[in-house]
Amino acid sequence: MSAPAAAPAAEPNPFDGVNITELIANVSALSSVNDIDQGHTAWIMMSTALVFIMIPGVGYFYSGMARSKNALSLIMLSVLSLAVVSIQWWAIGFSLAFGPGTSGYIGNLNYAFFMGVGTEPLNGAVKIPGIVFAMYQCMFAAITPALAIGSAAERGRIFPSIIFIFIWSTIVYDPIAYWTWNLNGWSAKMGGLDFAGGTPVHISSGAAALAYCLILGKRTGHGTDEFKPHNIANVVLGTVLLWFGWFGFNGGSALNSTSRAAMAIAVTNLSAAVGGLTWCLLDYRLEKKLSALAFCSGAVAGLVAITPGSGYVGTPAAVAFGFIAGICCNLAVKLKHIFDFDDALDVFAVHGVGGVIGNILTAIFAEQKIVALDETVLPGGWLNQHWIQMGHQLADSVTGVAYSFVVTYLILFIMDKIPGLSLRADPESEAKGLDETELGELAYYHVDRLVAVNTRTGETKTVKEETIHQQNDTNATIV
């Protein structure tokens with residue numbers, strides 16, 4: 001009979017002699033230094049891609065509203081804005097907007113060329129790496145001048161626009177972004193509420209668009225010719241891309257993937273829907289047609305208005321945002337007829353006016369309970385009896401309009417006096433279209449080919465081939 005097997009030796013406990021309480025405290029201390037959350041980080045990286053797709057969305061939206069001979073140039077300008085601002089943002093832009101400056105108006109150059117921008121969180125975004133935050137904000141910086149240059153459509157030269165985008169981003173966008181979103185900015189310290197860019201993106205681009213169209217003057221034939229959109233399908237495509245990307249634009253501005261980000265997405269979608277239907281029905285009462293262009297314009301107006309309040313308001317308020325923006329921005333389109341300026345694509349009416357409306361409504365409808373969805377504590381707006389919030393919002397809005405308009409006007413005025421940087425295309429180029437004269441390429445053309453067929457052998461032979469450009473539209477106006 002064999003002896004019983006010896007019991008296996010007990011495995012050593014790796015925690016023997018370890019003070020568990022002390023270990024937890026040490027781990028917590030390390031986490032508090034660099035508490036990166038992978039879920040939050042993944043959402044902001046996805047939001048970066050969503051905002052990226054909005055930039056060509058702007059191009060398609062604008063191209064469809066213009067005449068066919070200028071369609072490609074507007075798409076190209078949007079892509080050029082992305083390229084130029086990406087370089088500017090890496091070199092100095094991010095540092096000027098989010099550098100740890102001591103001024104209330106502009107940052108320093110500590111982060112120039114992304115020096116020190118890596119895994120460490122920046123500007124209070126404690127759950128995500130600094131490089132993720134920087135790239136997310138880069139997309140905001142890139143889309144803003146792309147919005148502004150829409151007012152110069154069909155007569156603004158492209159090369160000076162590239163120079164303008166770099167200068168404007170540095171002198172106008174970066175300071176406004178600093179005072180709004182940098183922890184040291186005067187508006188942020190004052191208590192201004194701007195969740196995703198009511199002032200830095202929409203008000204600044206709208207005011208800049210107004211200055212741009214005033215400097216350039218009116219298109220040839222303005223007031224006598226009828227300027228009609230050449231491709232409403234492009235407008236719808238651009239709107240869909242914008243609406244889709246806006247979920248990252250507003251939802252990502254929470255800088256986390258909490259319920260507050262989800263609420264921002266919900267109110268964004270609802271405001272766009274209400275805005276689109278409101279504008280569409282306003283035009284229906286006059287034309288008795290359900291215009292696709294009207295719906296798209298209203299949807300964008302609703303998206304613009306909800307932007308500053310998207311992380312502060314609930315879904316009932318979103319209905320008010322979309323409804324009021326749809327009405328007010330629709331009426332604001334008439335301003336160009338009243339004051340006789342040629343904002344070709346109604347950038348000021350939709351983005352400038354829509355941004356101001358959004359800021360004002362945020363003061364009314366901001367709620368502490370919505371802000372607290374990610375454990376942030378803020379006093380809210382009028383719904384929480386925080387009456388001074390309206391003063392904060394008006395101060396931020398008026399300053400944004402005035403600063404962007406005046407500085408943009410000065411930039412363009414000086415540029416236009418420099419040889420080689422004249423802003424407006426000559427009359428012949430304007431008549432032919434900027435696609436042909438500035439790019440040497442067209443958005444639309446077809447080949448007219450005459451082919452002879454040998455009936456015995458079936459062999460074909462091209463007798464004549466001619467490239468036929470689409471006829472340049474002579475009538476256009478954006479209503």
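The chain as shown is numbered from 1 upward.
Glycine is no exception: its Cβ is also placed from the backbone N, Cα and C atoms.
Residues or ranges marked as transmembrane segment in TrEMBL: 42-62 (among others).
The predicted model assigns the domain 'Ammonium transporter AmtB-like' (42-444) a mean pLDDT of 96. The domain 'Ammonium transporter AmtB-like' feature in TrEMBL is assigned to 42-444.
Sequence annotations record features per position, and here TrEMBL assigns transmembrane segment to 74-92 (among others).
Annotated transmembrane segment per TrEMBL: 128-150 (among others), in sequence order. Long-range contacts of the transmembrane segment (128-150) within the same chain: residues 36-37, 40-41, 44-45, 47-48, 51-52, 54-55, 58-59, 62, 74, 77-78, 81-82, 85-86, 88-90, 93-94, 97-98, 111, 114, 116-122, 156, 161, 164-165, 168-169, 173-174, 177, 197, 200-202, 204-206, 208-209, 212, 249, 252, 255-256, 344-345, 347, 351, 408, each at least 6 residues beyond the stretch ends and with a Cβ under 8 Å from a Cβ of the stretch.
According to TrEMBL, the feature transmembrane segment maps to 162-181 (among others).
Per TrEMBL, transmembrane segment is recorded for 201-217 (among others). Outside the transmembrane segment (201-217), and at least 6 residues removed from its termini, the chain residues within Cβ reach (under 8 Å) are 140, 143-145, 147-152, 155-156, 168, 172-173, 176, 304, 307, 341-344, 347-348, 350-356, 358-359, 397, 400-406, 408-409, 412-413, 416, 423-424.
The transmembrane segment annotation in TrEMBL covers 229-249 (among others).
Annotation comment: TrEMBL describes 261-282 (among others) as transmembrane segment. Listed as Cβ neighbours of the transmembrane segment (261-282) (distance under 8 Å, sequence separation of 6 or more from its ends, same chain) are residues 43, 195-196, 243, 246-247, 249-254, 290-291, 294-303, 305-306, 309-311, 313-315, 317-319, 321-323, 325-327, 329-330, 370, 373-374.
The transmembrane segment annotation in TrEMBL covers 289-306 (among others). Remote same-chain partners of the transmembrane segment (289-306), defined as residues 6 or more beyond its termini with a Cβ less than 8 Å from a stretch Cβ, comprise 61, 65, 202, 229, 232, 235-236, 238-239, 242-243, 246, 250, 267-268, 271-280, 282-283, 313, 318, 321-322, 324-326, 329-330, 346, 350-351, 354-355, 357-358, 361.
Residues or ranges marked as transmembrane segment by TrEMBL: 312-333 (among others).
For 345-366 (among others), the entry in TrEMBL reads transmembrane segment.
Annotation comment: TrEMBL describes 397-415 (among others) as transmembrane segment. Beyond the ends of the transmembrane segment (397-415), by six or more residues, the same chain brings 148, 160, 163-164, 167-168, 171-172, 175-176, 187, 198-200, 203-208, 210-212, 214-215, 352, 355-356, 359-360, 421, 423 to within a C-beta distance below 8 angstroms of the stretch.
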The transmembrane segment (229-249) versus listed stretches 42-62, 74-92, 312-333, 345-366: most Cβ pairs under 8 Å: 42-62
When you scan the chain for residues with a C-beta under 8 Å from the transmembrane segment (42-62), skipping those not six or more beyond its ends, what do you find? 74-79, 81-82, 128, 132-133, 135-136, 138-140, 142-143, 146-147, 150, 153, 234-235, 237-242, 244-249, 251-252, 255-257, 261, 296, 300, 345
